[in-house]
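Take a look at the structure set out below.
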Amino acid sequence: FCFMAAPGKVAAFRLPPLPTVGDIIKLFHLKAQKQLSQNFLLDLRLTDKIVRQAGELKNAHVCEVGPGPGGITRSILSAGVEQLLLIEKDARFIPGLQMLSEAAPGKVRIVHGDILTYKMEKVFPKHLKKNWEDEPPNIHIIGNLPFSVSTPLIIKWLENVSKKDGPFIYGRTQMTLTFQKEVAERLTANPGGKQRSRLSIMSQHLCTVENCFVIPGQAFVPKPEVDVAVVHFTPLVQPKIQQPFELVEKVVKSVFQFRRKYCFRGIGTLFPESGRLKRTEELMMTANVDPTLRPFQLSMSQFRNLCNTYRKMCDEDPSLFVYNYREELRQKKMRPLLKSTSQLEQTEEESQL
């Protein structure tokens with residue numbers, strides 16, 4: 001990682017006149033890379049609107065993910081933050097961000113690195129740390145995320161929320177992030193909604209999730225084929241499902257494996273083929289879940305019952321949790337192939353004899 005900071009610090013802050021974001025793009029010959037699913041937001045009224053969704057940022061410590069040419073960065077600085085950490089993977093954007101850093105002496109730190117692997121446990125001052133039960137700390141994560149990164153990144157951060165580590169070692173750090181409109185709808189979907197999915201359960205059982213507003217695709221350069229939504233996350237004091245992240249994810253993933261079928265079909269994939277039907281019935285009866293409901297119809301309390309019951313079954317039989325349905329399926333498909341290979345070798349041996 002490469003760290004850069006402008007020296008000195010000012011008491012009152014206002015950005016001096018700067019080239020527009022469009023001018024920065026031209027000046028440094030920046031071009032959005034399709035393979036990185038990059039889209040630039042140039043309208044500062046929209047970047048201001050995104051930043052307002054984060055809440056009061058005066059004297060706050062903010063981490064911006066993927067600042068690119070620095071549109072949202074300007075809006076964050078204009079909100080009067082104390083410190084701004086920029087994490088940017090694409091080295092082409094660093095010179096333009098350094099220009100912003102020089103315009104805001106002592107406020108900006110730039111990290112050239114990948115947010116998916118970057119450790120955030122020590123990036124903010126210790127005195128900002130709050131107890132989990134307290135109000136959220138004066139720390140915010142903001143980002144216009146590339147589409148290719150958004151889903152794996154939010155799953156990673158939800159796991160951090162569950163374990164109270166990463167950026168959540170400081171307390172219930174709030175996040176304001178952009179997603180494809182369809183992904184945002186999944187994150188906030190209610191039971192019975194057509195967008196209800198694994199993302200809905202994993203995010204809503206750990207956070208209050210708010211779909212703030214939609215930005216039309218034409219506001220971005222280049223224009224993506226989809227609209228973009230801004231989503232705000234505040235971690236809950238108590239998760240709605242009080243089980244380890246890995247267990248909840250396994251149960252939820254299994255349930256949604258066969259989205260259009262009755263939920264017992266997906267729940268069955270939690271168990272080995274021998275005894276699958278009996279154990280599936282036991283799980284669903286104990287959890288009091290109707291086996292003929294579709295996965296997207298299940299409520300949060302039904303998922304909680306399923307996770308709690310599955311946990312008890314795993315405690316009684318530890319081999320259950322390490323069971324992998326797809327691996328069993330793969331081995332099953334391999335058996336005829338191995339058998340035919342073995343027969344072929346035997347035939348060749350006999351012919352040689």
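Cβ coordinates come from backbone N, Cα and C, glycine included.
The S-adenosyl-L-methionine binding site annotation in TrEMBL covers Asn39, Leu41, Gly66, Glu88, Asp114, Asn144. Among the features that TrEMBL reports, domain 'Ribosomal RNA adenine methylase transferase N-terminal' is placed at 46-237.
Feature annotations (TrEMBL) mapped to structure.
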residue: Asn39; record: S-adenosyl-L-methionine binding site; Cβ within 10 Å: 20
residue: Leu41; record: S-adenosyl-L-methionine binding site; Cβ within 10 Å: 21
residue: Gly66; record: S-adenosyl-L-methionine binding site; Cβ within 10 Å: 22
residue: Glu88; record: S-adenosyl-L-methionine binding site; Cβ within 10 Å: 24
residue: Asp114; record: S-adenosyl-L-methionine binding site; Cβ within 10 Å: 12
residue: Asn144; record: S-adenosyl-L-methionine binding site; Cβ within 10 Å: 26
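Across the domain 'Ribosomal RNA adenine methylase transferase N-terminal' (46-237), the prediction's mean pLDDT works out to 95.
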